[in-house]
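J.: Handing you this structure, nothing more for now.
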Amino acid sequence: MFRDPTAGWLTPPSPLSLLVMLLLLSRVGALRPDELFPYGESWGDQLLPEGDDESSAAVKLAIPLRFYDAQFSSLYVGTNGIISTQDFPRETQYVDDDFPTDFPAIAPFLADIDTSHSRGRILYREDTSGAVLSLAARYVRTGFPLSGSSFTPTHAFLATWEHVGAYEEVSRGAAPSGELNTFQAVLASDESDTYALFLYPANGLQFFGTRPKESYNVQLQLPARVGFCRGEADDLKREALYFSLTNTEQSVKNLYQLSNLGIPGVWAFHIGSRFALDNVRPATVGGDPSTARSSALEHPFSHAAALESYTEDSFHYYDENEEDVEYPPVEPGEAPEGHSRIDVSFNSKADPGLVDVGTSSPGSDRASPWPYPAPGNWPSYRETESASLDPQTKQGRPVGEGEVLDFRDPAELLDQMGTRAPAPPEADAALLTPVNEDLGGRNTQSYPEAGPVPSEPDVPVPPLEGEVLPHYPESGHVPPLRGGKYVIGLEDHVGSNDQVFTYNGANLETCEHSHGRCSQHAFCTDYTTGFCCHCQSRFYGNGKHCLPEGAPHRVNGKVSGRLRVGHIPVHFTDVDLHAYIVGNDGRAYTAISHVPQPAAQALLPVLPIGGLFGWLFALEKPGSENGFSLTGATFVHDVEVTFHPGEERVRITQTAEGLDPENYLSIKTNIEGQVPFIPANFTAHITPYKEFYHYRDSVVTSSSSRSFSLTSGSINQTWSYHIDQNITYQACRHAPRHLAIPATQQLTVDRAFALYSEDEGVLRFAVTNQIGPVEVDSAPVGVNPCYDGSHTCDTTARCHPGTGVDYTCECTPGFQGDGRSCVDVNECATGFHRCGPNSVCVNLVGSYRCECRSGYEFADDQHTCILIAPPPNPCLDGSHTCAPEGQARCIHHGGSSFSCACLPGFIGTGHQCSDVDECAENRCHEAAICYNTPGSFSCRCQPGYRGDGFHCTSDTVPEDSISGLKPCEYQQRYAQTQHAYPGSRIHIPQCDDQGNFVPLQCHGSTGFCWCVDRNGHEVPGTQTPPGSTPPHCGPPPEPTQRPRTVCERWRESLLEHYGGTPRDDQYVPQCDDLGHFIPLQCHGKSDFCWCVDKDGRELQGTRSQPGTRPACIPTVAPPVVRPTPRPDVTPPSVGTFLLYAQGQQIGHLPLNGSRLQKDAARTLLSLHGSIVVGIDYDCRERMVYWTDVAGRTISRASLEAGAEPETIITSGLISPEGLAIDHFRRTMYWTDSGLDKIERAELDGSERKVLFHTDLVNPRAITVDPIRGNLYWTDWNREAPKIETSSLDGENRRILINKDIGLPNGLTFDPFSKLLCWADAGTKKLECTLPDGTGRRVIQNHLNYPFSIVSYADHFYHTDWRRDGVISVNKDSGQFTDEFLPEQRSHLYGITAVYPYCPTGRK
């Protein structure tokens, strides 16, 4: 056995076990402990120190290792079953949390492991020995027969956890648990790719999860996490891409019982590549245990089986967990339905290195789906290398029976035995790997420190019937290399007798350049003549269009018709067609509205109109495929129906036009011809039937005849018709032929129904379908409910057949539940989506879509949003034809449209402007001199007068006494007589009662205002123009983030033109706080004013004389003022209860005192299609309010019986989450994590106002203290989480708490204790503080995953995502007192308390 002698296993390995491990022959028996990769200190392993949270020093790698799309030169090994490319944070930051982690992680068994007191050991090393690399290569090639067929690793990194135990808080006198785990991770890489192997030997896993330290005594055990995480991308600050294999205890147990490459306990994954790799891709070559030699295994060997028992806590949505389905080549003798067994046989008459792993014919003991060479084609290793197995066989002779081998050091022995497995040949020569080895020993490859390794021969594969052998290029003409493979373009030489292929690599479409043409749920595969798309596991379709398996689907379309019904012509155009398909039992319902009555009645028997959807989405029997798996969402369906005996003939053409933005199929139907007349009182009855569909290239045909009956009372007539169907589509011609479906399939229609409702004007069809092989009449046999649709799975769940009539149900991707009841998952609210920066996630039923924000559009990959290049603006790029900048301004109207307007002081068309001579208009004082300047003018008082030129006074000084006056009083008294510069303003200072300067000074005649210091000096930058809000004489306001307006840009342009400081006689536009033109504009600092419109144009006839202001009307309508509604008298409630949000419903949970009355809990309101997150209650009008992130709305409903919901806000929302009601002021407040805003509005949705839109990253919870007028909210920004506060009108914003918090999800204010309390999903604590942030204390520090919290009486109640319930916590003791788990197990969001009265509290 391959163990370090210190491991305690002293039995030497046998030659048989060595060869078995080297050659890796798949079999269904579980992995034995001695079949792990060799490890131990004698193999060069390093030991990790004992402890609970240890990590290795950086292990420098010889060559960089690729992980996802990056390269790393060092690795770290941690105690807790994890490997990373960077040093680990403290274990409390990741060991008890679900994926994804914040750092890169490779986790074969992430749990709280403790090796203290010699409880196991952890070993790791980098290895380049040929034996280890060869074994890793064989695993990879087995699991990835296409993409990994030429994988030749050059380095491997091994980490082994041997007999390690879980962390335990052992009580005094109790012995530690004897449950110990052994598992191994191997990372094999070459220059281009990295593959990971996880190995779990039989009985190697004895514990399957650990209990979190912070809540160790709560009896909560977290299953081990197995998978990979890329880590947070620093440049994008988005959550990490990840792949998870486990989520429940059963899925952890499956690790050693199942496999994704056919060997129980061995799992393989493609985790890094220098080519595009959207996510980790698991191997998909699992076998079937029904033929396995292990009676203990009861589940299929498949990745899907390993992921059974999903729960919402760790549901891994398909966009985050894209599986690359590999299609292994199938030989002509493939075992039925893929069930196979691979055995190992040793040829005692041949070289001991020769091993037979051939593929046998069906029915033999060695039937295998993997195309290994036949026994006669296996390579014979050279004698010099074979002889090294035993020093006694110096000539390399075979070891005879009864001879005993003398084993030396295992490393030396395995290095000399190193070999690589031959790559599986492709039947269609799809991939041609470079030939660099042969049996003669030429071009042998040497592994470092391992000596030469036997080369692989090219194994000839017998051609299939009708197949043409490829003509390989001669030496020196090597085909181009792409993606680590040689890809050859093939061209037929028609008419050539030798029928050879030649190679043409020009213009070949490849995945690298065309991957965007595949569905987002598909992977792309290069073939010799091009590429094809294939849907991932758990999806079906043609690769270009993929839908989730088992999920319901919808079809929308239009129907037009030109019919003759009997002898009556009937026409109709573009009437609506809608179809609903229950995917997991093959039911298809079709409804066509607004068809004229005679035509609708006559079309009742024409079932193929809706029967198409039955064939498209039929329930598939094993080995069969429905229509959508073949055609995808683009095809043409032609039907010709001939009625008998009248020979009426009608033709139906249905054209599928792809999937719409909601992922629904769009179809256009046209009906033309003649149909028999059917009276209005007759109904049509169609018995179950079978149809045969024939498949060839890109055409499907079907021809059948059947009868139907028309009944009315006692009348029963039987008619018949003949149906010819033809379905054409575009198949991918590049895929190998062995991927084709059977030539003929049978569609069985168990139930058929047709009905026309004249009252509704709707024609309906319903069919229940299953498709499978052609059946031969025989005695009836039991059918698994999954195949005939009789199962009890939810309509959004997949049915997994088991043995006999047993089956299991699993919710399809995008839904959650136990399979018998599934609800939609909001990927947008939970963060499980791939929408990138500058995009918005929109939740759909069973899925989601990404929309670019305003000003952005999708790039070619349809995921990334890029900035839309703005249209040219002639006003900015200088292409306008306006007069020069100092004379006119350009006004942009969108696109390339603009207009020109002369500036004040100029007159003209805007394209040509001339100066206005203001002096000719006598605008100055009679004792002043006027000076005209381009675009303006100035006035100066004549000698002997003082003033600003518009007002001049005689230059005389009063003789009043000035003794005893303070500076403000002095300046105030003698303002008119102080020295004034030409054009200066006369301002009379304002003083307070003590004679000091009032901080806010305003010019009495012009309305200019500014701030002054204690000496009366103006504070720079505080002056405001007339008509605007006076400045707050304190700290300057925060800079605005909005774009500059025309007024602001014009003002800045003139200020720059004036050199930064305009004279008092120069005009500067006056703008309000929002950048709009103030209706009243004045010249310089004078009171010579006029009115302007919203674009700043002067309104003719509004200029005034000095001292008189024109009455200017604002161009923006004032806000509507509505009266506050009078509070109605509400009868007292019978008690207090809790309301909680749970996706599509609002739940009601009564309280008896502070105890939960769980038996009286019920659903208060069902809201189909909604995702209710935030919830609060208006105690004055007994109304409940909630936010809906699916509908992007805020709604309310009365608690009176029979009340209907009312939507009050329907626009301007992206992801409304937190909600708070102020019952005093009749207002509501909410957070929007999509827009990063906090808004307020009246309770009817009016008077909306954005309070904050800056310095917010992930705002969530919000609460209000209406008595004291304070607002509080949380922001769970991972880099800087915080709790903030402000007044209710948005003033005095400040950070209240930003230390020692992680993910503050829930927030509540207790009006009785005046405490602000929050529940933190990061620190797992419930804490409280006084409103000013002081007196902070911890109530409970062992929460699981809280989302929302509310306070009532002596308890807190919070919703919990780990328990999916409501948890109650005593305020005084901090103890958990009770919990309520709703019958429908899904995440609970917001929670609020409904009092029988309005709480008043005390100031």
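Numbers here mean position along the shown chain, with the first residue as 1.
Cβ from N, Cα, C; glycine included.
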J.: Looking at the disulfide bonds in Swiss-Prot, identify which of C913, C924, C930 pairs up with C919.
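T.: If we follow Swiss-Prot, the cysteine bonded to C919 turns out to be C930.
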J.: Look through R1103, R1336 and state which residue has the annotation omega-N-methylarginine in Swiss-Prot.
T.: R1336
J.: Return the residues near C900 (disulfide bond) by Cβ distance under 8 Å, restricted to its own chain and a separation of at least 6 in sequence.
T.: H880, T881, C882, A883, A888, R889, C890, I891, T909, G910, H911
J.: Helix, strand or coil by DSSP: which one applies to C882 (disulfide bond)?
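T.: Its secondary structure by DSSP: coil.
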J.: So of all those disulfide-bonded residues, C828, C841, C875, C913, C1033, which one's Cα sits nearest to C1047 (disulfide bond)?
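T.: For C1047 (disulfide bond), the spatially nearest of the disulfide-bonded residues is C875.
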J.: Taking just the CA atoms, what is the gap between C1071 (disulfide bond) and C786 (disulfide bond) in Å?
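T.: Cα of C1071 (disulfide bond) to Cα of C786 (disulfide bond) measures 71 Å after rounding.
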J.: Among the disulfide-bonded residues C786, C828, C835, C902, which residue has its Cβ surrounded by the fewest other Cβ atoms within 10 Å?
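T.: With the disulfide-bonded residues C786, C828, C835, C902, fewest surrounding Cβ atoms within 10 Å: C835.
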J.: Secondary structure at C799 (disulfide bond) (DSSP, helix/strand/coil)?
T.: strand
J.: How many Å separate the Cα atoms of C518 (disulfide bond) and C535 (disulfide bond)?
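T.: Approximately 9 Å lies between the Cα of C518 (disulfide bond) and that of C535 (disulfide bond).
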J.: What's the CA-CA gap between C841 (disulfide bond) and C850 (disulfide bond) in angstrom, rounded?
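T.: So the Cα of C850 (disulfide bond) lies 5 Å away from that of C841 (disulfide bond).
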J.: Give the three-state DSSP assignment (helix, strand or coil) for C793 (disulfide bond).
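T.: Once the DSSP labels are grouped into three classes, C793 (disulfide bond) ends up as coil.
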J.: Can you tell me which of the disulfide-bonded residues C546, C793, C828, C835, C875 is spatially closest to C991 (disulfide bond)? Compare CA atoms only.
T.: C875
J.: Going by a 10 angstroms cut-off between Cβ atoms, which of the disulfide-bonded residues C882, C913, C1033, C1047 has the sparsest surroundings?
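T.: Among the disulfide-bonded residues C882, C913, C1033, C1047, the sparsest Cβ neighbourhood within 10 Å belongs to C1033.
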